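Enquirer: Below are the features listed in TrEMBL for this protein:
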BINDING   37, 38, 39, 64, 80, 84, 233, 237, 238  L-histidine binding site
DOMAIN    57-323  domain 'Aminoacyl-transfer RNA synthetases class-II family profile'
């Protein structure tokens, strides 16, 4: 999908986050915007091409007019890695697969302990309804609840009452629900909740949540998954299950304060988005997940820094070196042969570099071998191959 879209494509899809969309204007005065995520362009693609079934991943840059915090992996231009399943399927089977993928990725990367929080927009909306919140305030209340992972309940409550205009009683009532988290036991308990079970949306959501947890049990991953009623995810387009993966404290105590990056993946179900772009309003149910690759990189980089281990930034296998002056031609001929043979080789871009400097470069860059051609080697028709670490040399 293109980097720039017409502004109306992106507007009205992200709720309060819309203020972070990068707006542009081209020479003809057409209003454009840089893509904010990969989900909305994907939905537009499905609608434009009348695709009703698709399973895909997409890695690309997105743009947000945010306050960058580079230590936490927060940038204005960053990569997203998305995986989505579009199509009409039986409930919760693709959703469970998305969670399985997040679990697999975070386990394989060995980022330490993590937790995947799961909730459902329908359960949240049901909670709001039984707490007496008017439907017009569901979305703004949602974005306030979503701050519970960053702010204590008291501050969230005062924002609800002060800024969002909810009554103190309604806010307290919401508080009783959104501070709950657990597993199948909590789902069962809420299904028995007299008020909630009378709300059609909440009942549907809880029924699906129960089904989801049964599938996750079969996948063997429920140990890392928590049904958390405070999870709201601020975006407007979610319609059902929502999830977010967070890293728990790091195992190295001395790097703890520097790697509190929080959320590293998130996603959910967005059944109404494709219909917004289809001229006939045809809907394609979708569920997807986004992996926060920049955040994961910033954690891995800080890990490496703390451990003091050296990381190779190049895949170069051999440095072509010369010990005397006026041998640039010999280096160029040898490196050309190596390149043609598919060997990853480098040389210093100097006519007459000192041998010590060339070997030092190998050590700095972690290049394991040096192929040395001096006057004697040229006379004998050989190359001296030096193991940089052990300093052993062989002529060949």
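Using the three backbone atoms N, Cα and C, a Cβ is placed for every residue, glycine included.
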Enquirer: Counting across all protein chains present, how many other Cβ atoms fall within 10 Å of the Cβ of residue 233 (L-histidine binding site)?
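Expert: A count of 23.
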Enquirer: Please compare the binding-site residues 39, 80 by how many other CB atoms fall within 10 Å of each one's CB, and tell me which has the fewest.
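Expert: The binding-site residues 39, 80 were compared, and 80 has the fewest Cβ atoms within 10 Å.
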Enquirer: Per 10 Å Cβ neighbour count, which of the binding-site residues 37, 238 ranks highest?
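Expert: Going through 37, 238 one by one, the largest Cβ count within 10 Å is at 238.
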Enquirer: Among 37, 38, 39, 64, 80, 84, 233, 237, 238, the annotated L-histidine contacts, find the widest CA pair distance and round it to a whole Å.
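Expert: Pairwise Cα check on 37, 38, 39, 64, 80, 84, 233, 237, 238 gives a maximum of 21 Å.
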